[in-house]
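Asks: Okay, handing you the structure first.
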Amino acid sequence: GEWWNSDVETLVNQAKLPPPTSDSHTINGKPGPLFPCSSKHTFTMEVEAGKTYLLRIINAALNDELFFAIAGHNMTVVEIDAVYTKPFTTRVILIAPGQTTNVLIKADQPRSRYFMAARPFMDAPVPVDNKTVTAILHYKGIPNTVLPSMPKLPAPNNTNVALRYNNRLRSLNSPQFPAKVPLKVDRHLFYTVGLGANPCSSCQNGTQLTASLNNITFVMPKVGLLQAHYFHIKGVFKTDFPDRPPVPFNYTGVPLTANLGTSLGTRLSKVAFNSTIELVLQDTNLLTVESHPFHLHGFNFFVVGSGVGNFDPSKDPAKFNLVDPPERNTIGVPTGGWTAIRFRADNPGVWFMHCHLELHTMWGLKMAFVVENGKSPEESIIPPPKDLPPC
């Protein structure tokens with residue numbers, strides 16, 4: 001997690017640039033002994049030599065992707081976002097806000113005390129809380145006076161470690177746990193991810209930072225989207241979100257600092273029930289490139305491809321993994337790169353898709369899909385419960 005010494009909403013609403021970074025990260029709510037006055041605020045996990053432990057690791061930070069490692073110990077990744085993976089052994093994992101990773105560790109090292117540690121991954125010129133949070137892996141019977149050893153974490157801007165780690169993730173794709181990757185695609189979507197700046201008379205410098213998909217900054221409505229969809233309330237949203245950006249450009253070329261205005265709107269994309277969707281999320285160099293972890297509500301998706309630079313629709317699909325791609329619900333779009341996902345729209349309703357960096361989603365880096373009903377009641381939205389409190 002992350003910790004601020006001040007009220008985080010007040011800090012964000014002040015809209016200062018650069019935006020405020022957290023004062024520390026936490027493991028199970030505690031920052032660990034590397035922070036002032038917090039040696040007693042340290043999470044400790046006692047282990048017995050020879051036993052194997054399952055760690056369920058969740059990135060609950062608001063704005064930082066994190067590297068995580070345990071001194072002296074390997075981790076075997078077995079699950080991501082509640083889906084089994086082909087097990088592989090690693091010294092470090094990368095985990096974005098909203099993602100979960102389950103690892104097995106064996107208490108097979110000399111009996112001592114070892115730091116578990118995490119610090120941010122950020123390979124763009126964006127400020128982050130660069131300090132290291134620690135917890136302790138404590139072998140039973142070892143006195144508390146033994147100083148723990150520290151793991152070697154990658155440099156915060158080590159792109160190669162991040163890309164290599166993500167490329168190792170694979171679905172099991174076994175008879176018991178098949179990977180049902182859509183092979184035929186009914187609809188191809190291409191969304192650019194970017195920052196922007198709009199005029200703002202009450203803001204510093206007369207401009208307000210925004211974020212957008214296909215140059216649209218999402219405006220939250222006063223009426224719930226699902227409520228408006230189910231009860232056919234007019235004027236709450238439009239279903240004209242574009243399948244591709246309005247103006248193609250060199251998305252990851254030199255930084256673009258002019259014409260940064262975005263259009264504001266509550267615009268959704270309507271999707272036919274049970275249709276198969278391929279969505280390419282393309283990072284852009286509007287102001288700066290940056291890694292964006294995207295989360296889709298209501299669905300798991302398969303990450304069939306990713307790359308650095310601009311997506312090439314004539315060459316890149318030939319390299320897609322359609323056999324055992326990782327299945328998850330949150331995926332990092334690489335800095336200055338792209339990610340391709342596929343999913344089947346078999347869950348009727350209204351489902352947000354948003355950047356899981358809290359600041360970016362507040363700035364409007366989100367949209368929603370309206371998945372239409374199928375032909376039978378089992379393929380349709382269920383009515384709201386009678387005691388549903390009104391918004």
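Yeah, the Cβs are placed from backbone N, Cα and C, and that goes for glycine too.
TrEMBL labels come from automatic prediction, so no person has curated them.
The shown structure was predicted, so the numbers you read here are calculated from the model rather than taken from an experiment.
Sharing the feature lines straight out of TrEMBL:
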DOMAIN    1-141  domain 'Plastocyanin-like'
DOMAIN    240-374  domain 'Plastocyanin-like'
Asks: What does DSSP give as the helix, strand and coil breakdown of the domain 'Plastocyanin-like' (1-141)?
Replies: 6 helix, 64 strand, 71 coil
Asks: Could you give me the DSSP helix, strand and coil counts for the domain 'Plastocyanin-like' (240-374)?
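Replies: Its residues fall into 9 helix, 57 strand, 69 coil.
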